[in-house]
Amino acid sequence: MCVFHQNAQALSSGPWQVTSPHETFWQVWLSGFSTALSISDPLYTPEPDTCHELLGHVPLLAEPSFAQFSQEIGLASLGASDESVQTLATCYFFTVEFGLCKQEGKMRAYGAGLLSSISELKHALSGNAKIMPFDPKVTCKQECIITTFQDVYFVSESFEEAKVKMREFAKTIKRPFTVRYNPYTHSVDVLKDTSSINSMVEDLRHELDIVGDALQRLNKHYAV
């Protein structure tokens with residue numbers, strides 16, 4: 001499947017686009033997603049392929065809250081030390097790529113690396129794999145394996161819990177500045193002075209005006 005066709009499907013569900021790895025790498029957190037174009041072994045492949053991207057990543061990125069979560073992690077890495085970036089990357093690896101969560105008491109996989117690998121998915125859910133509760137402070141010290149099955153998998157009580165823990169962990173990363181994604185310019189704004197902060201406040205006021213207008217319309221609708 002070509003990148004353009006993938007783009008058409010991705011854009012119909014959300015603001016994300018699919019890009020080739022040879023295109024700008026930093027667009028991963030600027031509403032872009034680098035995707036592999038080939039198809040490899042259906043049982044296990046040490047490298048991402050089109051099946052991995054379409055079956056594993058695209059469905060999650062089409063979900064707005066996850067897309068925002070993914071972008072937040074990328075933004076958290078800006079200005080951070082190499083060591084801090086590595087801890088974020090490791091946690092991201094064991095959630096977005098190989099994460100497990102519970103649903104109605106049953107173990108479920110949401111990591112793209114598991115969803116696109118029949119053999120590893122069976123292994124992770126067989127009851128024989130080592131599984132630990134997801135704790136970013138512990139997970140960030142685990143080795144990421146890309147040539148065979150993982151030594152350990154991390155499970156959250158829910159997918160939402162995993163996102164909350166990752167967001168809280170990202171807040172502990174020390175950075176010399178604060179940034180935010182600007183959806184109007186598709187760029188990153190550095191909040192370094194009162195002018196940039198005031199600009200963000202004005203944007204927030206505008207968004208709140210929209211929310212207020214929507215609430216008024218709802219009140220009128222239900223009052224009729």
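Using N, Cα and C of the backbone, Cβ positions are placed for all residues, glycine too.
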- Query: TrEMBL records His52, His57 as Fe cation-binding residues. Which of Glu97, Glu104, Glu143 is assigned to the same site?
  - Reply: Glu97
- Note on the structure: Out of His52, His57, the listed binding-site residues, fewest other Cβ atoms within 10 Å surround the Cβ of His52
- Model confidence for the domain 'Biopterin-dependent aromatic amino acid hydroxylase family profile' (1-219), as mean pLDDT, reads 81
- Query: Near Glu97 (Fe cation binding site), which residues of its own chain have a C-beta under 8 A away, given they sit six or more steps off in sequence?
  - Reply: Gly56, Gly111, Ala112, Gly113, Leu114
